[in-house]
Amino acid sequence: MATIHVDGKEYEVNGADNLLQACLSLGLDIPYFCWHPALGSVGACRQCAVKQYQNAEDTRGRLVMSCMTPATDGTFISIDDEEAKQFRESVVEWLMTNHPHDCPVCEEGGNCHLQDMTVMTGHSFRRYRFTKRTHRNQDLGPFISHEMNRCIACYRCVRYYKDYADGTDLGVYGAHDNVYFGRPEDGTLESEFSGNLVEICPTGVFTDKTHSERYNRKWDMQFAPSICQQCSIGCNISPGERYGELRRIENRYNGTVNHYFLCDRGRFGYGYVNLKDRPRQPVQRRGDDFITLNAEQAMQGAADILRQSKKVIGIGSPRASIESNFALRELVGAENFYTGIARGEQERLQLALKVLREGGIYTPALREIESYDAVLVLGEDVTQTGARVALAVRQAVKGKAREMAAAQKVADWQIAAILNIGQRAKHPLFVTNVDDTRLDDIAAWTYRAPVEDQARLGFAIAHALDNTAPAVDGIDSDLQNKIDVIVQALAGAKKPLIISGTNAGSSEVIQAAANVAKALKGRGADVGITMIARSVNSMGLGMMGGGSLDDALGELETGSADAVVVLENDLHRHASATRVNAALAKAPLVMVVDHQRTAIMENAHLVLSAASFAESDGTVINNEGRAQRFFQVYDPAYYDNKTIMLESWRWLHSLHSTVENREVDWTQLDHVIDAVIAAMPQFAGIKDAAPDATFRIRGQKLAREPHRYSGRTAMRANISVHEPRQPQDKDTMFAFSMEGNNQPTAPRSEIPFAWAPGWNSPQAWNKFQDEVGGKLRHGDPGVRLIEATEGGLDYFTTVPASFQAQDGQWRIAPYYHLFGSDELSQRSPVFQSRMPQPYIKLNPADAAKLGVNAGTRVSFSYDGNTVTLPVEISEGLAAGQVGLPMGMPGIAPVLAGARLEDLREAQQ
């Protein structure tokens, strides 16, 4: 710690910080542009000037840039010195000489750091009367709009995109006061993390194009704290709503998880919530048509059929909340509850959970991944299946440069010096996959092989680290040399990290990862292990348990069960579509509860219209076992009273109560959570994931809307001039209103939107943190349910045989895509322009045998259908395999590992 003196007052601060960060952490306001907590200091904008004095007697002082000045013990500075204030005002005036002053038509207005800092410096009169330089804007793709004339040349965008996210297609061009930030030519930004430019940019140069089409000012949107639903990582988000539509998603700061950044799937993939074809009312089949029901009719009709059924089974979902899955389990009974996951995937999920629970290896939180000094990724294409982990791995690799700089006593915020000292030095990263990955550019070595051979590599590494681990026969000398290099790097690391997951389609890969971690722990290393699952609540569903989807279909096929309730699950993604349709056709009652129109609704007798994550509350558990709560953003029935969309758990519990002729006893979310904990002690911690519905601050609920929210009385004037009462939220501590507490200093961690007096942009998160860039002042939300035990598992001993290609037979290798493999985001219209066209990848040797070239269309039979796809050639894919884009429409993830026998050139 260090003692600094600011305008005559004494403060204790972290001596490792610079003065800007130290003062902001104290709650003092210093304007700045180029500095960002995640990017460090470069001193490019000169906006954060303060007066520094030699000692208490010095009255003259000198101007220094606070972001470039260490907060050393005994520092004397003044923020309010007149010369410093005039200098800061002049800097804004210089920046404004070329700015178009177009706030009324700028989409950043009301959410703009430049506006905030201009007001903070007191600059209110423009003296510049000459020609401004102008730029041509670029088309940067479907996600981001570009308006270069608003640029103040703070350099944040290229520092984030190139130095932090390792993007290669955004740069700065030009010189002196005429510089241009963009691509060499028009085109879609290639980085999976490009959307963060929207929040990194302090002006309106980069804005959210998906928001542009249905634009609202920040102060006119309703927000709620939420969790990204698009993968298993559980990033924290702030969705914004207006007129019953999601308008945008912003990053919600969580110092333990995603801190300042999201991936583009999480930021832009929300369009499925706004689809017009969603089920909005319960419907029941009458012949070939559906008739619309009200809630009471739906409950009574379903209850009558369920009472007559001899056995009702429930099929849950890894994209539904803990509460909804539990409500289904209560309705049908624990013995009749099935997870809705394919048997193989469920076995891998249970294995991953066993490793996390019993392996004795620590599982780091997302942000902690950045602190590891050697990383081995086994079998997982992390950028496509858990993209935010890939961004954290990139920071871990860069830790080498920080380590080298620290050895020379260079502060962690001196980023230019760190980059200069590091000269692209990296901590070792080793990646195995069936083909190229997006992490290959920073990897020390990549291994492209079938999953069996990837697992064998992992087992061999574990054996080389600890000879009591099972040995692997038949390793050739070249590969053994590489293994020796990997072993040397992992053994020499203080904090090695092993990453694997369920998406490779191989239990052996997970076992190999566990063996490597155990071997490293045995050598005394502070080792971590990270498992990536498939869906937002895969881990939660795995902890709940239940039979597999294959078991459920077996119940229907044999006639053992004559009614099935399917919860938020497109079963065609988890099993053969032919088998699913045949099994459902045998059931006298098929009830579907979902917020999306899925293929299985064609087989449904009754459809209950569920609420999406934006219209409901619930708890999900991420890949590290962290339980996190998401909250309802808006009530769709407020805008259209014909809409009947309830939380899945509310539908299912009402149905359960109707069947048993009793009163509904879960009238709010807290009742469901209490019931979950009573029945399943492994979920005891979810009660602490967020405060309950009685939580108040000075007697007030928490506001979902900024206090400047406007137009509420006119919002439904086209329907009726009589304004209805605002929706009442009995489930949570939030109010559907601007009336309520939204103070930055209030004791709360669930924060719907970032705002503080004088801070309207995302930089307002500074005001909610214990120190800038650290944890939230009152603790990061969420609670871990899985902690490493003292003991550990024995080594897994079954080493798979090496993959052998077979003539006339090809095995399907899984390829995942950030844009397209996820069930929900692929429905977003804006995503469909970024999704690749379905393809089949072939090794050049296999292509030659078949007599086909890139672009040739080939056919194969699967599940009773003939599939025809264009060929892509890949040297990385091993012969005897074909690659298919998992999860894309018509290509279910359950296909991974299946074999094809009739691959042939398609008939023209």
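Placement of Cβ uses the backbone N, Cα and C atoms for every residue, glycine included.
For the [4Fe-4S] cluster 2 site, Swiss-Prot records CYS151, CYS154, CYS157, and the single candidate of CYS106, CYS201 listed with them is CYS201. The [2Fe-2S] cluster site recorded in Swiss-Prot includes CYS34, CYS45, CYS48, and the single candidate from CYS67, CYS103 that the record places there is CYS67.
For the domain '4Fe-4S His(Cys)3-ligated-type' (83-122), same-chain residues at least 6 beyond its ends with a Cβ under 8 Å from one of its own Cβ atoms are 29, 31-33, 45-51, 63, 128, 130, 132-133, 145, 147, 149-150, 152-153, 177, 202-204, 207-208, 211-212, 215, 217-219, 758-763. Taking the Cα atom of each, CYS154 ([4Fe-4S] cluster 2 binding site) and CYS34 ([2Fe-2S] cluster binding site) are about 5 angstrom apart. Neighbouring residues of the recorded [4Fe-4S] cluster 1 site, listed in sequence order and excluding HIS99, CYS103, CYS106, CYS112, comprise PRO100, HIS101, ASP102, GLU108, GLY109, LEU114, GLN115, ARG150, THR203, GLY204 (Cβ within 8 Å of the Cβ centroid). In the structure shown, the C-beta of CYS263 has more C-beta neighbours within 10 angstroms than that of any other entry among the binding-site residues CYS34, CYS106, CYS157, CYS263.
A Cα-Cα distance of 22 Å separates CYS263 ([4Fe-4S] cluster 3 binding site) from CYS34 ([2Fe-2S] cluster binding site). Reduced to three states, the DSSP call for CYS157 ([4Fe-4S] cluster 2 binding site) is helix. Helix, strand and coil residue tallies for the domain '4Fe-4S His(Cys)3-ligated-type' (83-122), in that order: 26 helix, 0 strand, 14 coil [DSSP]. For CYS201 ([4Fe-4S] cluster 2 binding site), the nearest of the binding-site residues by C-alpha distance turns out to be CYS45; the candidates were CYS45, CYS48, CYS231, CYS235. Shown in sequence order, LEU20, ILE30, PRO31, TYR32, TRP35, MET65, SER66, CYS67, ARG88 are the residues of the chain, 6+ apart in sequence, with a C-beta less than 8 angstroms from the C-beta of CYS48 ([2Fe-2S] cluster binding site). Among the binding-site residues CYS34, CYS45, HIS99, CYS103, CYS106, the ones whose Cα sits within 10 Å of the Cα of CYS151 ([4Fe-4S] cluster 2 binding site) are HIS99. Listed in sequence order, the residues GLN230, ILE233, GLY234, ILE237, ASN258, LEU262, ARG265, GLY266, GLY386, ALA387, ARG388 complete the 8 Å Cβ shell around the [4Fe-4S] cluster 3 site centroid, once CYS228, CYS231, CYS235, CYS263 themselves are left out.
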